[in-house]
Amino acid sequence: MPLVPELKHSTIPLSNGLQIPILGLGTSHDGGYSHKAIVYALNECGVRHIDTAKRYGCEEDLGKAIKESGQERSELWLTNKLWPGNYGYRAAKKACLDSCSQMGVEYFDLYLMHWPESLSHGGSNREVRAETWRALEELYTEGVCRSIGVSNFLINHLEQLKEDCSVIPHVNQVEFHPYQQPTALMEYCAERGIVFEGYSPLAKGQVLSDPTVCHIAHKYRRTPAQICVRWSIQNGVVTIPKSTKKNRIQENCQVFDFQLEETDMTALGSLHDGRRVTWDPTNVK
Ligand SMILES: NC(=O)c1ccc[n+]([C@@H]2O[C@H](COP(=O)([O-])OP(=O)(O)OC[C@H]3O[C@@H](n4cnc5c(N)ncnc54)[C@H](OP(=O)(O)O)[C@@H]3O)[C@@H](O)[C@H]2O)c1
């Protein structure tokens, strides 16, 4: 019996009717992948959503871990991302199909353009983004990607894509934690039916020693990580904390049996100072 049975059922609807699990498990390069932890998350913690990227270099291992878990593919939500070095119409289609075969799956539940800047030649960023997005639209129509989205896109990038293409992204995955709350972008996404997904919900660990977070954690008898994950979820933000440690994965999943009071949501909301722990797309044209 999974430790957190509710986890499977907590989802957010996308504009195309699919339901994305609100809590997923992140993976990454730089020591961000553990085979045993993935199998444990799937089989013991009720995790049904895993976030990865071609860039993280663990697609093949992840595919093996999923198979080893014995979980049905149809029960899982797998997000993958296209690296900017593979932007452009033909390169994007090939990269997506290659990623599917690396992971041993026939489709992704969500496929994202990882970053708004192009690393391939042959046009402005805007032109290459549009051309790449057309490839994703086709992969969506063909069923290779059940939903398509973007990551690290700002309002100007989304506005251009709307003018240039036909499918509005289903999701925008962006850095989101108490220190980094892009409220104007969140409102923009909400008004256009784009689900806002937050990455680095623990600010890569930086927010876990924050006095306000620790004070609230003490009040609820929870850990700082649980407070941050719960805060994202209560904001309606899809969240994907990463851990390679079984006990931390379990801890990060145990966030559905308590609720933060409004005053504590406000206190966490007031911690924004604009700090980023990853990359900053502000200057990408
Ligand atoms: N689209 C993008 O551009 C982008 C960028 C960055 C990240 N992401 C995605 O978002 C996921 C999460 O982001 P992230 O890895 O940058 O940051 P994060 O989830 O905020 O933090 C991960 C760090 O916190 C530690 N940690 C996890 N749970 C903990 C707990 N309960 N107590 C104490 N420490 C804990 C992890 O260490 P251990 O592993 O040792 O536990 C790791 O060092 C990534 O895995 C990736 O899937 C996407």
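Just so it is clear, glycine is given a Cβ too, placed from its N, Cα and C backbone atoms.
Please treat TrEMBL annotations as automatic predictions, because they have not gone through curation.
Some features that TrEMBL has for this protein:
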{"type": "DOMAIN", "residues": "33-270", "note": "domain 'NADP-dependent oxidoreductase'"}
{"type": "ACT_SITE", "residues": "TYR56", "note": "active site, proton donor"}
{"type": "SITE", "residues": "LYS81", "note": "site 'Lowers pKa of active site Tyr'"}
{"type": "BINDING", "residues": "HIS114", "note": "substrate binding site"}
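Each of the recorded positions LYS81, HIS114 was assessed for Cβ neighbours inside 10 Å, and the highest tally belongs to LYS81.
Looking at the residue listed as 'active site, proton donor' and LYS81 (site 'Lowers pKa of active site Tyr'), their Cα atoms lie 9 Å from each other. Summarised as a single figure, the pLDDT of the domain 'NADP-dependent oxidoreductase' (33-270) averages 97. A Cα-Cα distance of 5 Å separates LYS81 (site 'Lowers pKa of active site Tyr') from HIS114 (substrate binding site). Within 10 Å of the C-beta of TYR56 (active site, proton donor) there are 21 other C-beta atoms, taking all protein chains into account.
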